[in-house]
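Here is what TrEMBL records for this protein:
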SIGNAL    1-15  signal peptide
DISULFID  C25-C40  disulfide bond
DOMAIN    54-204  domain 'Cupin type-1'
BINDING   N99, H104, E109  oxalate binding site
BINDING   H102, H104, E109, H150  Mn(2+) binding site
Amino acid sequence: MILCLIALTCSTALAFEPSPLQDFCVADSASPALVNGKFCKDPKLADAKDFFYSGLHLPGNTSNFLGSKITPVNVAQLPGLNTLGISMVRIDFAPCGVNPPHYHPRASEIFTVLEGTLHVGFVTSNPENRLISKVLLKGDVFVFPMGLIHFQRNMGYGNAIAIAAFGSQYPGSVTIANAVFGSNCNIPSEVLTKAFQLDNNVIDYLEAKF
Ligand SMILES: *[C@@H]1O[C@H](CO)[C@@H](O)[C@H](O)[C@H]1NC(C)=O
């Protein structure tokens with residue numbers, strides 16, 4: 001009995017997102033109720049448009065300082081993804097464009113290059129902090145394990161396009177530079193000067209950037 005309980009508890013802890021308890025649970029955007037995920041709308045009222053998204057063939061606008069643009073298709077854009085534990089993005093890169101170091105708190109990511117040449121990598125956790133990176137060509141696939149900091153950079157002369165899928169309906173994203181130097185309110189400079197071994201004025205400079 002005790003062993004069964006332990007086994008059950010462990011299997012729950014290992015699952016990334018709970019398995020669905022019905023065919024589907026289309027997110028009801030009108031519901032004011034807050035649950036872990038989104039409330040279900042009446043399944044009898046669900047139809048094809050709840051399971052549908054259009055426009056992933058369209059290039060994202062990369063005219064920004066990073067030279068990259070993410071087009072997400074998660075439960076916020078596609079309500080039928082609620083409780084299914086999957087989602088995806090399209091990422092466009094201008095020449096030299098970068099998707100800066102970030103991590104997804106709730107999902108591993110499987111990433112494939114449709115066009116162009118991308119240098120991608122992730123860093124293992126403390127204390128090794130080993131960079132595992134590779135240059136990817138069209139058709140190549142790479143995986144970023146859940147919670148690890150990763151990046152992509154366009155190395156080619158032309159634009160690059162990637163599609164990535166996640167093991168979460170809403171993987172979330174934490175961009176390191178924005179979270180550390182652009183938090184609302186700022187992390188105390190006494191913390192950042194020690195953490196980054198930088199002078200106060202450099203910290204001020206970085207905070208002003210974000
Ligand atoms: C792309 O974004 C830039 C900067 O926000 C904007 O000036 C430009 O009009 C946009 N281009 C298109 C095609 O939407």
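Any Cβ shown, glycine's included, is placed from N, Cα and C.
No curator has checked TrEMBL annotations; they are predicted automatically.
Rounded to the nearest whole angstrom, the C-alpha distance between N99 (oxalate binding site) and H150 (Mn(2+) binding site) is 9. Spatially, by CA atoms, the recorded positions C25, C40, H150 include one closest to H104 (oxalate binding site), and that is H150. For C40 (disulfide bond), the spatially nearest entry among the binding-site residues H102, E109, H150 is E109, judged by CA separation. In the structure as shown, the Cβ atom of H150 (Mn(2+) binding site) sits within 10 Å of 22 other Cβ atoms.
For C25 (disulfide bond), the nearest neighbour among the binding-site residues H102, E109, H150, judged by Cα separation, is E109. For the Mn(2+) site, the Cβ centre of H102, H104, E109, H150 serves as reference, and the other residues of the chain with Cβ at most 8 Å from it are Y103, F122, F144, L148, I149, P171, S173. Fewest other C-beta atoms within 10 Å: among the binding-site residues H102, H104, that description fits H102. The residues near the oxalate site, meaning same-chain residues not in N99, H104, E109 whose C-beta sits within 8 angstroms of the mean position of the site's C-beta atoms, are V89, H102, Y103, F111, F144, H150, A164, F166, P171, S173, in sequence order.
Summarising model confidence by region, the domain 'Cupin type-1' (54-204) averages a pLDDT of 97. Most other Cβ atoms within 10 A: among the disulfide-bonded residues C25, C40, that distinction falls to C25. The local packing around N99 (oxalate binding site), expressed as other Cβ atoms within 10 Å of its Cβ over all shown chains, amounts to 26.
The Cβ neighbour count for E109 (oxalate binding site), using a 10 Å radius and every protein chain shown, is 23.
Between the CA atoms of H150 (Mn(2+) binding site) and E109 (oxalate binding site) there is a gap of 10 Å.
Look at C25 (disulfide bond): DSSP puts it in coil.
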